Amino acid sequence: MSCVLGGVIPLGLLFLVCGSQGYLLPNVTLLEELLSKYQHNESHSRVRRAIPREDKEEILMLHNKLRGQVQPQASNMEYMTWDDELEKSAAAWASQCIWEHGPTSLLVSIGQNLGAHWGRYRSPGFHVQSWYDEVKDYTYPYPSECNPWCPERCSGPMCTHYTQIVWATTNKIGCAVNTCRKMTVWGEVWENAVYFVCNYSPKGNWIGEAPYKNGRPCSECPPSYGGSCRNNLCYREETYTPKPETDEMNEVETAPIPEENHVWLQPRVMRPTKPKKTSAVNYMTQVVRCDTKMKDRCKGSTCNRYQCPAGCLNHKAKIFGTLFYESSSSICRAAIHYGILDDKGGLVDITRNGKVPFFVKSERHGVQSLSKYKPSSSFMVSKVKVQDLDCYTTVAQLCPFEKPATHCPRIHCPAHCKDEPSYWAPVFGTNIYADTSSICKTAVHAGVISNESGGDVDVMPVDKKKTYVGSLRNGVQSESLGTPRDGKAFRIFAVRQ
């Protein structure tokens with residue numbers, strides 16, 4: 001499996017994961033031997049820690065917490081421990097400030113996740129959680145689906161960060177953080193970039209295999225664990241307890257490297273992958289005819305914006321009421337009657353109002369409405385404005401959600417909003433976004449406009465979500481929000497050209 005780049009992300013938070021090539025699974029001793037090629041020749045017995053102790057504890061705790069809560073449940077998920085050699089190998093690579101997986105000779109025996117950001121502080125745990133959040137795009141392959149290869153089903157740009165984190169037999173981790181004065185990230189030079197590298201052993205992401213076995217937790221642990229289980233993870237007490245670290249003594253010994261013979265495995269046969277289906281474009285605006293009734297077309301959530309054709313003024317379609325129109329009325333002729341459209345057609349927004357006791361006739365703008373003295377569902381019409389925005393405007397600023405519904409203008413976005421930094425133009429979520437997100441940068445993330453040309457979009461404010469999951473799409477990395485305190489959400493849609 002090769003490493004995949006999800007597109008250019010010039011600013012903000014980025015993530016990658018290394019795919020597995022599936023050649024061998026040597027032990028940590030080989031890892032040490034390979035690592036020695038990247039260490040300085042000077043003889044010294046002690047080296048500085050590559051990551052603060054509190055960050056190390058956060059990374060390890062979060063990995064084990066996430067591994068223990070996978071769904072469907074895992075029967076053979078092993079408890080993960082920290083490995084100093086993996087930490088040193090991660091530090092050696094992070095110090096190179098090269099935005100790619102490496103070194104090449106080490107990747108045959110370890111898994112690797114990379115993250116980078118600049119600007120405001122991000123803890124290592126933020127990166128780890130964002131890697132795990134790819135679970136939303138991953139579908140677990142059950143044994144009945146593996147014949148003999150398990151299908152690879154990832155509906156997002158990448159799921160291999162997640163699968164490496166929850167690979168059952170990966171039980172060692174070591175990470176490092178390095179601040180790079182300058183680092184080239186997909187063609188863009190970042191200054192003071194924070195580079196986060198995590199190395200894993202044994203490596204995961206083997207092609208055609210599920211990341212873990214499904215079943216009752218700890219029911220299929222390796223015999224070496226002796227039947228012990230902790231928080232749904234196969235667990236054994238470590239015989240070696242490291243000495244407590246202090247700020248003055250935050251160092252580790254460099255152990256000698258013993259000689260050892262290694263058994264090499266034959267390369268695995270890789271199945272050809274099928275091209276992924278492209279998702280259909282969603283539109284909020286529905287194209288209707290002069291005789292389209294509101295009750296016939298208004299179904300579902302995208303029931304508030306319609307494109308009316310020209311020539312409806314003299315059409316025979318009926319409308320009932322004044323101000324409040326009965327649901328069997330023509331949408332377009334009601335808009336002309338109210339005065340927001342003329343015979344040239346155009347956009348109209350609908351607001352549903354529930355039942356009213358009766359509807360009174362009137363003649364307005366050349367259209368005669370009828371009376372109906374019978375309780376029925378009703379709706380109102382309103383004019384759609386078109387508004388030019390910059391790359392920073394949010395739905396919270398423009399048209400926040402209010403019950404029963406809020407109508408936003410049709411928005412014209414400028415080009416190149418993807419290039420704006422996340423602290424000025426953040427994006428939170430996937431598919432449904434927090435209303436503190438940049439509207440136009442969100443439109444690029446959602447794929448409804450091109451970054452190079454910009455364009456028109458429709459937005460629909462909705463009530464808030466409990467969580468927002470970040471993802472990398474169309475070169476934009478959106479962020480996750482676990483417990484948003486305030487604010488609502490919105491959906492974003494393409495506009496028919």
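Glycine is treated like the rest: Cβ placed from N, Cα and C.
For 1-22, the entry in Swiss-Prot reads signal peptide.
Taken from Swiss-Prot, the feature N-linked glycosylation site covers Asn27, and the record attributes it to sequence analysis.
The domain 'SCP' feature in Swiss-Prot is assigned to 62-200.
Computed over the domain 'LCCL 1' (284-379), the whole-number mean pLDDT of the model equals 89. The domain 'LCCL 1' annotation in Swiss-Prot covers 284-379 and rests on sequence analysis.
The Cβ neighbour count for Cys308 (disulfide bond), using a 10 Å radius and every protein chain shown, is 24. Residues or ranges marked as disulfide bond by Swiss-Prot: Cys290-Cys308 (among others).
Look at Cys332 (disulfide bond): DSSP puts it in a helix. Marked as disulfide bond by Swiss-Prot: Cys312-Cys332 (among others).
Residues annotated as domain 'LCCL 2' in Swiss-Prot, with sequence analysis given as evidence: 385-488.
The feature disulfide bond is assigned by Swiss-Prot to Cys391-Cys413 (among others). Under the three-state DSSP scheme, Cys413 (disulfide bond) falls in the strand class.
Here Swiss-Prot flags Cys417-Cys440 (among others) as disulfide bond, drawing on sequence analysis. Taking Cβ-Cβ distances under 8 Å and a sequence separation of 6 or more, the neighbours of Cys417 (disulfide bond) in its chain are Cys391, Ala425, Ser438, Cys440, Lys441, Ala443, Val444, Asn451, Gly454.
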Exercise. For Cys290 (disulfide bond), which residues of its chain lie six or more apart in sequence with Cβ-Cβ distance below 8 Å?
Worked result: Cys308, Pro309, Gly311, Cys312, His315, Ala317, Ser330, Cys332, Arg333
Problem set entry | Cβ neighbours of Cys440 (disulfide bond) where a neighbour is any other Cβ within 10 Å | 29
Problem set entry | List of residues, in chain order, with Cβ under 8 A from that of Cys413 (disulfide bond) and at least 6 apart | Leu389, Cys391, Ile439, Cys440, Ala443, Ile449, Gly454, Gly455, Asp456, Val457
Exercise. Can you count helix, strand and coil residues in the domain 'SCP' (62-200) using DSSP?
Worked result: 44 helix, 40 strand, 55 coil
Problem set entry | Secondary structure composition of the domain 'LCCL 2' (385-488) [DSSP: H/G/I, E/B, coil] | 15 helix, 32 strand, 57 coil
